[in-house]
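The annotation S-adenosyl-L-methionine binding site is assigned in TrEMBL to GLY82, ARG87, LEU139, GLN140, GLN155.
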Amino acid sequence: MEETREKTDTQQNGKLQDLMATTSEKEFYVKAQKYWSEVPATVNGMLGGLGYINAVDVEGSTKFLRELRIKDMHKKYALDCGAGIGRVTKNLLMPLFEKVDLVEQDPTFAERAREYCTTDMGSTLGYPKRLGEIYNVGLQEFTPSSKKYDVVWSQWVLGHLTDEDLLQFFKRLKNCLTDDGLFVMKENVTSSNKTELDEADSSVTRPLKTYEKFLKQTGYRIVKMTKQPNLPKGLYPVYMIASQPLTQNE
Ligand SMILES: C[S@@+](CC[C@H](N)C(=O)[O-])C[C@H]1O[C@@H](n2cnc3c(N)ncnc32)[C@H](O)[C@@H]1O
């Protein structure tokens with residue numbers, strides 16, 4: 001996966017500062033839209049050509065959710081952020097939650113998700129009755145409904161938001177969680193302790209401590225954090241972080 005491979009120190013040298021100095025925020029988003037518009041609407045496409053990590057990823061996420069011991073009464077509604085074609089929705093969230101909404105900026109992926117999530121494919125079941133709304137909009141512009149979701153899952157997308165938009169997004173999410181609701185993010189993190197830029201897909205990879213700091217700054221407490229095991233060597237480390245708002249609104 002292009003954005004998943006770790007960069008060397010020389011590759012990231014000053015690039016982030018250069019980008020932020022020369023690229024407008026709008027350009028940052030438009031470049032990402034263009035990148036994703038050229039990616040096939042397949043599981044392999046969602047995983048940057050590493051389709052074979054789907055099983056290990058879903059297994060790690062399923063174990064993480066299971067260990068959070070979510071009560072049955074809190075398995076009504078989930079939201080999948082940056083959902084792509086619904087790989088996470090279909091394989092992780094739909095087997096557990098009665099309804100799943102998706103938010104995805106790319107119109108082709110959003111449309112494909114409707115079919116992908118509801119259709120049986122080989123041994124993978126589709127869940128026609130569990131598909132909720134598909135919101136075709138960027139997370140930076142998305143305001144979810146109040147108190148709707150027991151779990152919000154966000155995977156491999158937050159690097160597409162600027163720091164300021166990410167902080168605002170974290171704040172808006174607090175309102176959409178039910179009491180006891182959980183926000184789970186699963187993202188690549190750098191080992192260098194610096195934010196690194198991927199110009200190809202117009203995204204950044206942040207250090208773990210930046211995500212921890214942003215969550216704290218926007219009023220969350222981290223309830224569980226686990227590193228995804230068994231990924232191929234040479235990729236960025238991937239962390240799952242579950243958190244809850246300290247207060248619903250600031
Ligand atoms: C690496 S794929 C991951 C898809 C899915 N989360 C998964 O794990 O299979 C990244 C996804 O984020 C979407 N994306 C990129 N920028 C976004 C934004 N600003 N808001 C919402 N989605 C975005 C892309 O279109 C793409 O579907």
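Any Cβ shown, glycine's included, is placed from N, Cα and C.
Just so you know, TrEMBL annotations never went through curation; they're auto-generated.
It should be emphasised that the depicted structure is a prediction, and the values quoted were computed from it without experimental measurement.
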Same-chain residues at least 6 apart in sequence whose Cβ lies under 8 Å from GLN155 (S-adenosyl-L-methionine binding site): SER61, ASP80, CYS81, GLY82, VAL88, MET185, LYS186, GLU187
Whole-number Å value of the largest CA-CA distance among GLY82, ARG87, LEU139, GLN140, GLN155, listed as S-adenosyl-L-methionine-binding: 21
Three-state secondary structure, GLN140 (S-adenosyl-L-methionine binding site) (per DSSP): helix
Secondary structure of GLN155 (S-adenosyl-L-methionine binding site) (DSSP, helix/strand/coil): strand
Neighbouring C-beta atoms (10 Å sphere around the C-beta of LEU139 (S-adenosyl-L-methionine binding site)): 23
Spatial neighbours, same chain, of ARG87 (S-adenosyl-L-methionine binding site) - Cβ under 8 Å, 6+ residues apart: VAL43, MET46, LEU47, ASN54, TYR116
Candidates GLY82, GLN140: member of the binding-site residues with the richest Cβ shell (10 Å): GLY82
